[in-house]
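Written below as structure tokens is the structure these notes are about.
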Amino acid sequence: MAKKQKLSKGQARRIRANHQKRLQRVKSDASKVAELELDSQNLGAAEPALVVSRFGQHADVETADAEVLRCNIRRTISSLVCGDKVMFRRAKVSEGDIAGVVELVEERHSQLTRPDFYDGVKVVAANVDQILMVSAVVPEFSTQIIDRYIVACEDMGIPPVLLLNKVDLLDDEDRELFADYLAEYAHLGYQVMMVSSESGEGMDTLKAMLADNNSIFVGQSGVGKSSLVNALLPDADILTKTVSSNSGLGQHTTTVSRLHHLPSGGNLIDSPGIREFGLWHLEPERVAWCFKEFRQYLGGCKFRDCKHLDDPGCLLREAVEQGDIADFRFENYHRIIESMADGRAGARNPRV
């Protein structure tokens, strides 16, 4: 009996990719059937609504009278996320738990995106006024992750707010160390805050900051985003988990992004925890610009193609040596640039 030839990595990847395409076709066909069942004769007039959650080919939308309905999404809509303002039509006769169809997405005034191996750039949330970047003592505090989020915020033009959660776990010495890091960001003009959903420290200030804004929490799993939501909205009933003792990384608790209304009148989007925030879709020059303290030096280096490493006449490095740019921010910039090459390689050869 002939020995079965082992597939190469490329062949295995193509087989898995074709399998995924077949699955997508099946899902698409099912969606078409569902749309046909909710034809125009079974639909009422168009109404405004707000997307509070998205589930595959369906979305939960909140109507003007605060009723939440699950709707199909027209195939002509390419992107629909939490925070989107839409026009939908109610079903006169519901099909199962489907109560209508989302027909149109209104223009967004802002959107938070992140790169995706399959979709290029994926929209995470829409119409966001501020992004609250949650860090904590555990998992390990990382300024590199903070700076990744800040680059994303600067690129999208959405103001970031840095929250250090779980400060009840800090002793006086550690608190002073973390305060020094936060002071560097405050010096750059970013809002910073030390909070604890456990002890209540800083929560009143946080509530005031969230009032009348559309906000989103982002950060690693395990930093306490869901605990903060529970503290802000006790009725939200968000599941929480502790940090894995084996890996030190957080376990994902929120699985679907959801928009919650705050008593102050603002909205809060709780998004699935992510441990990494890729920036490989940006050009290196754009990343440098997103470090706001770099801007006054950009374009002034001796060589136009300066990589800001050991290049002679590099104004950025001179600014670091003179203490005008924080060492850790400069190092994080180069780590981000290095990671972008790996991200682009992954985008060209995605794992399937």
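Just so you know, the numbers here start at 1 and follow the chain as drawn.
Keep in mind that glycine also has a Cβ here, set from the backbone N, Cα and C atoms.
For ASN165, LYS166, VAL167, ASP168, GLY219, GLN220, SER221, GLY222, VAL223, GLY224, LYS225, SER226, SER227, the entry in TrEMBL reads GTP binding site. Annotation comment: TrEMBL describes CYS301, CYS306, HIS308, CYS314 as Zn(2+) binding site. The compositional bias 'Basic residues' annotation in TrEMBL covers 1-25. The domain 'CP-type G' annotation in TrEMBL covers 109-277. Sequence annotations record features per position, and here TrEMBL assigns domain 'EngC GTPase' to 126-275. Marked as region 'Disordered' by TrEMBL: 1-26.
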Rounded inter-Cα distance in Å - GLY219 (GTP binding site), CYS301 (Zn(2+) binding site): 34
Other residues near the Zn(2+) site, CB within 8 A of the CB centroid of CYS301, CYS306, HIS308, CYS314? LYS302, PHE303, LYS307, LEU309, ASP311, GLY313, LEU315, LEU316, ARG317
Can you figure out which of CYS301, CYS306, HIS308, CYS314 (the binding-site residues) comes closest in space to VAL167 (GTP binding site), comparing Cα atoms? HIS308
SER221 (GTP binding site) versus HIS308 (Zn(2+) binding site) - Cα distance in angstrom: 33
Could you state the whole-number distance in Å separating the C-alpha atoms of VAL223 (GTP binding site) and CYS306 (Zn(2+) binding site)? 37
As a whole number of Å, the Cα atom of CYS301 (Zn(2+) binding site) is distant from the Cα atom of LYS225 (GTP binding site) by 41
The domain 'EngC GTPase' (126-275) - residue tally per DSSP class, helix then strand then coil: 52 helix, 33 strand, 65 coil
Binding-site residues (VAL223, CYS301, CYS306, CYS314), the one with most neighbouring Cβ atoms at 10 Å: VAL223
Across all chains shown, how many C-beta atoms besides its own are within 10 angstroms of the C-beta of HIS308 (Zn(2+) binding site)? 20
Looking only at ASN165, SER227, which of these binding-site residues has the biggest number of Cβ atoms within 10 Å around its Cβ? ASN165
State the Cα to Cα distance, in Å, between CYS314 (Zn(2+) binding site) and ASN165 (GTP binding site), rounded to an integer. 37
Quick one: Cα separation, CYS306 (Zn(2+) binding site) versus SER221 (GTP binding site), in Å? 36
